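Read through the structure below, which is laid out as structure tokens, and then see the notes.
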Amino acid sequence: MAGGNERSMKALREVWRRAENSLCADCGKPDPDWASSTLGVFICLSCSGIHRNIPSISKVKSLKMDHWDDAQVQFLAKHGNAVTKATYEAHIPIYYYQPTYHDCQVLREQWIRAKYERKEFTEPGKHLPYADGVKEGILWKRGRDNGQFLPRKFLLSEREGCLKYFTKQDAKEPKINIKIDVINATFQPVKIGNPNGLQITYLKDNKTRNIFVYHESGKEVVDWFNAIRSVQFHYLKVAFPIASDNEIKNRLTRNFLKEGYMEKTGPKQREAFKKRWFTLDHRRLMYFKDPLDAFAKGEVFVGSRENGYSVQKGLPSGTQGNFSWHYGITIVTPDREYLFTCETESDQLDWIAAFTSVINQAMTPQEYAIEAYFKFKS
């Protein structure tokens, strides 16, 4: 640390070392080395950049490089992460998505602004824009065939238990009516090419369909995301009355376990390997010709180890078919083997870790039903 007298430096180090301050107050990243002198929280470098964009609320300083005077150190000692969280995170709805350092910028920024700027969670019963059970507005949606983003009216209704979108603002009938219990939503700024890009995925005839949308306002798109989670939560509370709130929370929107390119061959394992974009959504491994395709070209069910599923490093000896990538993966199912190749060893190990995490989990009754459907259609 530069500047300041030894007494202030020692006091600052003592506050900094408290267990409560060992993680970023906003995203949970370990070893934060910045702090807000006006809020009294310890934060990471990334979150400090967001705080810096709200100068009327937060003044940030480096714990290593900046000078802290006695009054500022005393303020930090009086507050810290635990005390500040008790105020600004006192009444967070259970369905509200609290991002981590793994999440994208727009989620983390709106979480920080919701806490400190808008003070959405400081008192019970406060009106929240995503808690009304209904939300209507315009989102820019990517066309399935032409790839153009056009404004479309979306309507989310808890009473009807669905999400609809309309091709025209004055249209009486929706283009699509999606049941709320089959929806997933996850932010995909890189894939979509927009910092506020949101991927909405749903099941239609037990097949996965993707919708890609964005909104110019980061607040608005995050409000849509949490509104979907709110409606899902209340729908599932009725559908599963004996389930705990945390059990239901774990069934709301989820991030994909892994995405990226691999090569695959066909069922005869003699065809040339083709490069495809893969998405692992828990037990569904989907592959697409293009990351922004509306429909998957195929899906593979990944079951549990106790039901005969496993993942192996490498390809079976004597594998035929041309492939340009040489880091192989074999998924073994009760019916057949699926062969893939990765561009790098790092990709290979990451995919194997993701598959292993799924295979090591016991299957639920609902997943047995999905497995039966996959076997039936094959």
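Glycine is treated like the rest: Cβ placed from N, Cα and C.
Any TrEMBL annotation is an automated prediction that lacks curation.
As recorded in TrEMBL, the features of this protein are as follows:
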type: DOMAIN; residues: 6-129; note: domain 'Arf-GAP'
type: DOMAIN; residues: 132-233; note: domain 'PH'
type: DOMAIN; residues: 255-360; note: domain 'PH'
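The helix, strand and coil residue counts that DSSP assigns across the domain 'PH' (132-233) are 23 helix, 47 strand, 32 coil. Each residue in the domain 'PH' (255-360) gets a DSSP state, and the totals come to 18 helix, 41 strand, 47 coil.
Per-class residue totals from DSSP over the domain 'Arf-GAP' (6-129), listed helix then strand then coil: 53 helix, 10 strand, 61 coil. Predicted-model confidence for the domain 'Arf-GAP' (6-129) is 94, expressed as mean pLDDT.
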